């Protein structure tokens, strides 16, 4: 080719032709290479896209699965759906209904078929599905979408499932509904009267049966204004109350509020405890008023009854002439009635601020204080006579009594005391006693004289006077007169002793003496004046005693004269001195007379009691001998008792301590 | 037997006592005036006194005390009397040698007088 001119030869032409073909191939190859690169690139992009998409599906909180073919083979399921299924993570390649056989009976296949065969997507909300969790069926709620899946040729090859587990939301909703239901149920079944009123017009939103019954306007009141339903309360100040609550948010409470309302078609007066409270929405705005009320008509009427009764009793207590006071459990006065104020000339507060002891006569304060203390601690009634100072400063005799007031459990809650003026009674009593004393004293003078002369006469008459005796039995007659004078003297001293007991003047003169010789002396005297009587003395014990010699003698004489008196057919009386227990001595007097029946045995130591019997009339005396004896022995801290059998006789015994103790 | 002064405002008792005591051989002066007791003692040479506790408003114990406080009369025994039983101690405290409760026994009265007179050291009994 060097130095030679290119020649258009046949050979040259062929080469050129080939070169052209090669160039074309090369161009095509280049295009293919480029195409290949583009495909590679788009393949990569597709892979990335799928990867991203898969990642989205996997990481989604929605439940996602792809089911392939008419057997719904799980081609893919994300983690959340596997967790709901609870059958592990290796479920791909298996039929959905093999993995979750519990779905068979729940109509799921119909939904899937709808999407698979008809190509219709199926959406369901709040679909309940039960899953078998280790043998326990647990109910879930889902929002579902079943969507047909297509291949490249627009043929359906499976169903895609996207679901949301709304079980928790559903449960919360149910609970809320139930709670609201319960709340409404509670309101309606409550015995309290409940209503909820909305807005400034007080539209009744809720009114329970109880309040409707009291309103008496039937069942259909909801949606109406309260004042439209109950026009009768408008004049009773109710709108103002509601307005206040509604406008200020204040709670208004009313107790035992009287309200006229309709009941069975009649206007009646009822009493109610009310509470009106503002109802606020979640932002704190007042949107209405709630009414909670309780009918307390019975209680209110009872309270009024109690108040009325209390007022009446207070009037009664103040009207009484007796001085009435109340003290607390410690004995401190808390109330004085009008009579106390009138008597002392002091005000109620003045009386309460002073000690009640200040009103008591100074000589009696200690006694009164001790008695009150004793009653407070023993819970016994107080019953004393005491002098209380009046407004003029004079001390007036009162009979003061107090008794505890107890609650249902029996605990003392207070003491009520009543003081009654007995000044006149005391004075009368004193006059009577003085008179009695005077009478017996005055009678004693002539009797002393009579007795003296009888004894003088008896002494002056010669013992041996048989001749004159036959004509004129002066001595026996005088003896009889003397006996009756003695009897008169005994009666007089009994009367005096009785008045002494009544006036608490029976004082003992304690001295030491030999009881045995004293009894012997008494018996000698008695024998002297009762010559036909057989008096026997048995001395089992001998002792000196500290006692009132005369009074003890009096008891023994009383026992013996009683024994003789009630032994009309026997003249035998047995006395015995013995030691009933260490430090004590007893004297008993036994007769064989008419005896005393059991019923009367308890009575005979009472004042003026006399044994009843056939020969009643012949038993002399006032019937105070044993009463007096009992008093005397009691004052010696001794005991007196009787053993007796009707028709067989009686045995009277007294025991006293050998050493007298006050 | 002794000379006895009876001081009692009650004439009946005074007379009765006079009769009894005279019957028993005593000499008796009866007085209704307690204030003249000392005078009567001096006038009649009294050896024993029977004195009532309450004589026309005068307390016999005061009379007794005034006698006992007076040396000229303190040696004369006084027996006091009363219709009240429980005043014996008061009378004895006032200086009475004994006490008689009315109504009394004649024998008891005479016995007491006998005993008291026996004990008198300076007996002027006849």
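Glycine is no exception: its Cβ is also placed from the backbone N, Cα and C atoms.
Annotation source TrEMBL lists domain 'Response regulatory' at B:3-117. Helix, strand and coil counts from DSSP across the domain 'Response regulatory' (B:3-117) read 55 helix, 28 strand, 32 coil.
Look at TrEMBL and you will find B:52 tagged as 4-aspartylphosphate.
Sequence-distant contacts (6 or more apart, same chain, Cβ under 8 Å) of residue B:52 (4-aspartylphosphate) comprise B:7, B:8, B:9, B:10, B:13, B:60, B:80, B:81, B:82. Mean pLDDT, taken over the domain 'Response regulatory' (B:3-117), works out to 89 on the 0 to 100 scale.
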